[in-house]
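**Student:** As listed in TrEMBL for this protein:
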SIGNAL    1-21  signal peptide
DISULFID  108-143  disulfide bond
REGION    207-319  region 'Disordered'
COMPBIAS  224-249  compositional bias 'Basic and acidic residues'
COMPBIAS  250-263  compositional bias 'Acidic residues'
COMPBIAS  270-281  compositional bias 'Acidic residues'
COMPBIAS  288-297  compositional bias 'Acidic residues'
TRANSMEM  464-485  transmembrane segment
REGION    492-535  region 'Disordered'
COMPBIAS  512-522  compositional bias 'Acidic residues'
COMPBIAS  526-535  compositional bias 'Basic residues'
């Protein structure tokens, strides 16, 4: 009996401790906006003229969970919620956390929150805009070269009285998918800042470190004197042209870079009197052609068929080659400058706005605002949290974000696999369409049955598409090598025009070469016409 009583006592104590911890967590959680209920009345939409975007209370796609939705593209949005009591950022740890789902991704726009400091006495929430002062701005922003999770501190310089934006250096990037992500900023009393993305630390920084914020919260002790001027005789040239140097007598600045190759010889069989292009004999004047409106009709040009078996057509000119005498414009060599004084910099003077600081002098948070411009709709905000308890923030992530994220991740995985499968099928169809066209190329006619056979096998077995493509490429390359590097020329036949041999295998024996010449002669491909420039 005594043992049972002890167990009951221990159970009661544990339950009391859990309840006390839960109550403490609730006390430390200043805000947890779940958007389970419509936001009207709790959140105030800006009535400023620029903000035409419509906010909606909608479910997250695929869930029964509601959020605050950006419903239109290419709009400015502004909405604000005043807190019941200010949040003192200088008192202990503060955790800022919220979920964002970019249901249509984010190409250009923001999805960040602004944590507003106390506004002027006459300020009204319906007047919230981009000029409303804030203490911290936190969240994703992406457009063009910008892709970052902002963490910006707006801090007052006690000397100048000016509020300055201090940006976190090297912040995390914005996820590029359509999943729900949770962003967490933990501000510690020892000036440590931790940025978490999806419950994983992505950045750790010190709020007062010049290595972590630009510009640093604590300004430099000295600054360049704005009134200091560079002396007129200050020479910043480390090297100068040698004044004693003279151009060599044999240096010809007028020699051209290229000259004609005097050793070049016009190839045998060059057709000087044949143009490279001729009128298409099969072309006909369109019936609706009007000479008065369209001008005199001219047949389109085609490659001169006589040039296909010749080394070239038209006036032959010697090719150009690099001129060995070319040296270009002469420049005197550089020497050390005896008057060099280095790069001039203005002198440093004490910074009148310098101050020292042990901790950031944050102003309290009195409201949360979302003020963004975005080209995408479908941005959903949910579970906006401000708490003094890191464990409470973690518990909210575990119970609200994590289950949704796992469901969305599995769904995205299935969709990606299906898309890859569809994309591969489309890719294969395009490949086979191209291969059918390749098979119709005249100089491949001898190999057409083999190519068609390969294509048909590929269509029946899509997994070997790459192998089929490689095989066809090998066939084409083999034929091109024969055309470009053919060995033995055909003997000239009496009373017949001379035709250059275009399909010899240079690595074969004489007997094999002659056999292949006879075999391929009926389907010999025309030699590619060579331009004057190439010769």
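Backbone N, Cα and C define each Cβ position, glycine as well.
Mind running through what each feature is packed against?
**Tutor:** Residues of the compositional bias 'Basic and acidic residues' (224-249) grouped by DSSP class, helix first, strand second and coil last, total 0 helix, 4 strand, 22 coil.
For the compositional bias 'Acidic residues' (250-263), the residues of the chain that approach it from at least six positions outside its boundaries are 317-323, 325-330, judged by C-beta separation under 8 angstroms.
Long-range contacts of the compositional bias 'Acidic residues' (270-281) within the same chain, counting only residues at least 6 positions beyond its ends with a Cβ under 8 Å from a Cβ of the stretch, are 298-304, 306-307, 310-316, 529, 531, 535.
Counting only same-chain residues 6+ beyond the ends of the compositional bias 'Acidic residues' (288-297), none has a CB under 8 A from a CB of the stretch.
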**Student:** Under 8 Å between C-beta atoms and at least six apart in sequence, can you list the same-chain neighbours of residue 143 (disulfide bond), or say none if there are none?
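**Tutor:** Non-local contacts for residue 143 (disulfide bond): 107, 108, 109, 375.
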**Student:** Per DSSP, what is the residue tally for the compositional bias 'Acidic residues' (288-297) in helix, strand and coil?
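**Tutor:** Result for the compositional bias 'Acidic residues' (288-297), in helix, strand, coil order: 4 helix, 0 strand, 6 coil.
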